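Okay, structure first, notes after.
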Amino acid sequence: MVRKIFQTNAELKDWLSGQNSAIIFIPTMGGLHPGHQYLIQKAKEKKTNTNQIILVSIFVNPLQFSKGEDFKKYPRNIKRDAELAFSAGADAIWAPEYDEVFPGGADSHFKIEVPKTLHNQLCGAERKGHFDGVATVIIRLIKIIKPKKLILGEKDWQQLIIIRKLFQELSIPVKIESYSTQRDQSGFAYSSRNSYLSDSERVNAQSLPNAIKEAKTEFDKGKVINLTKIASIFKENNLKIEYLKIVDPFSLKETENINRLCLLAIAVKCGSTRLIDHTFLMHRKPIIAIDGPAGAGKSTVTKAFAKKLGFIYLDTGAMYRAVTWLIISNSIDPNDQAEIKNILKDSKLEFKNSSFVEQKIFINNIDVTEKIRSPQVTSMVSEIAKQQFVREVLTRKQQVIGNNGGLVAEGRDIGTAVFPDADLKIFLTASPTERAKRRALDLHKRGYEFSSIEDLEKEIKERDKKDSERKIAPLKKAQDAIELVTDGMNIEDVLKELIDIFRSKIPEEVWPTPNS
């Protein structure tokens, strides 16, 4: 493909009309640096076919600069920017003039007003109207380009949160992908404004990335971050603090709840140059809870999700099925709680060969991976799972496994009972009819006979009723869970949706996507 630089809408549209390609869009204001190149490289890596174009825009948006800010001196070097963009993998560059984006001027077009609850935090508290300008221009660019995917950096975290919220509320059908902040060898977050710093200012400004790194290290050791100490260091280095806060990463409001994902956010001025930086704070690796009724496809997609993102996979349903199999194989009455307690006390339950495809479950050194999927186990597992002692024993085992995080677990009560502090909770469900069809396919695949899909649907409804009405840890959607109805979706569709939801809650900086 011949690399192109366009300056007018007509040139861009004429070229795009002949491409028949989906556009991956990376908006910039120019002044490109290795952080921008990283976004372009990630976009290139994620291309799924040749019918995708990586388009980089270069447009210094006047609407996001207040009076007295650096609009006039913002770095502008289209030749250099084009070289950097193309060398990183861009297919085309769109560098429009103001009238191409706002024909007749900005006053001739609708303007977006960002909710004050988001705008007036952090950067927006000082830069009045800044994010209104960002939101307005991104809508204009999206309208002109019509991309399938938008690539953004996590360095401008507040901007990312606002654009995600904007697209969600306006139902804009563009997927947003974000990637972690990139830093130079000294720890500086790449920024177009770094070029403003004199040599002496650069020495003073080094205290910003140093403070970020030290605070993260101290937090990971279980120590309290001393904001007063950080402020003192900045003062010694002639940095004027605009904000220095620990905030909730989504509401952007100050928080003292450091047991959940937090954001240490900092903005300072070094001379006339404004610098921002942040780091995420998390006491453990993320825990993802996926709940839902029988037959919703939890096990299949959770395994795939764990493999894709590098999580430990915990199939809690298999644990209850293994205990049920043990009770059946020992001819124990499912209502004989004393005998069940007795056999469980000396039982050893473990997962082995934990590759994501071949994970097997053993009880008392017996591989029961296939045995626990029998209709006999399926019909009895609800009766066993509702017993308090059984749930207490298995819940403790599950919590021990998830003590350090880095885990995705699926079951009926993961988000409500096992990991109520999970960082993301999904309630995966489907209609009884859909689940009966899936169950029939699974039974046929495993070589089990069944009477009819109608009977399977009836059994599923009965199972749902039992699971929902049991007194101990009933099946229910956690208050803060996101519901995903999977009727008509294949495994790949569900997996993509889950990953999109995950990425809207867990930044790349916190849990990077493993290289395939």
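Cβ coordinates are placed from backbone N, Cα and C, and glycine is handled just like the others.
What Swiss-Prot lists as region 'Pantoate--beta-alanine ligase' is 1-279.
Following the DSSP three-state reduction, the secondary structure of HIS33 (ATP binding site) is coil. What Swiss-Prot lists as ATP binding site is 29-36, 153-156, 190-193, and the listing cites sequence analysis.
According to Swiss-Prot, the active site, proton donor annotation covers HIS36. A sphere of 10 angstroms centred on the C-beta of HIS36 (active site, proton donor) encloses 26 other C-beta atoms.
The feature beta-alanine binding site is assigned by Swiss-Prot to GLN64. Close to GLN64 (beta-alanine binding site) in the fold, though at least 6 residues off in sequence, lie HIS130, PHE131, GLY133, VAL134, VAL137, each with a CB less than 8 Å from its CB.
Look at Swiss-Prot and you will find GLN64, GLN159 tagged as (R)-pantoate binding site, backed by sequence analysis.
Swiss-Prot lists 280-516 with the feature region 'Cytidylate kinase'. Predicted-model confidence for the region 'Cytidylate kinase' (280-516) is 90, expressed as mean pLDDT.
In three-state terms derived from DSSP, SER192 (ATP binding site) belongs to a helical segment. A distance of 18 Å separates the Cα atom of GLY31 (ATP binding site) from that of GLN159 ((R)-pantoate binding site). Take the binding-site residues HIS33, LYS155: by the count of other Cβ atoms within 10 Å of each Cβ, the lowest one is HIS33. Cα spacing between GLY153 (ATP binding site) and GLN159 ((R)-pantoate binding site): 9 Å, rounded to the nearest whole number. Mapped onto three states, the DSSP output places LYS155 (ATP binding site) in coil.
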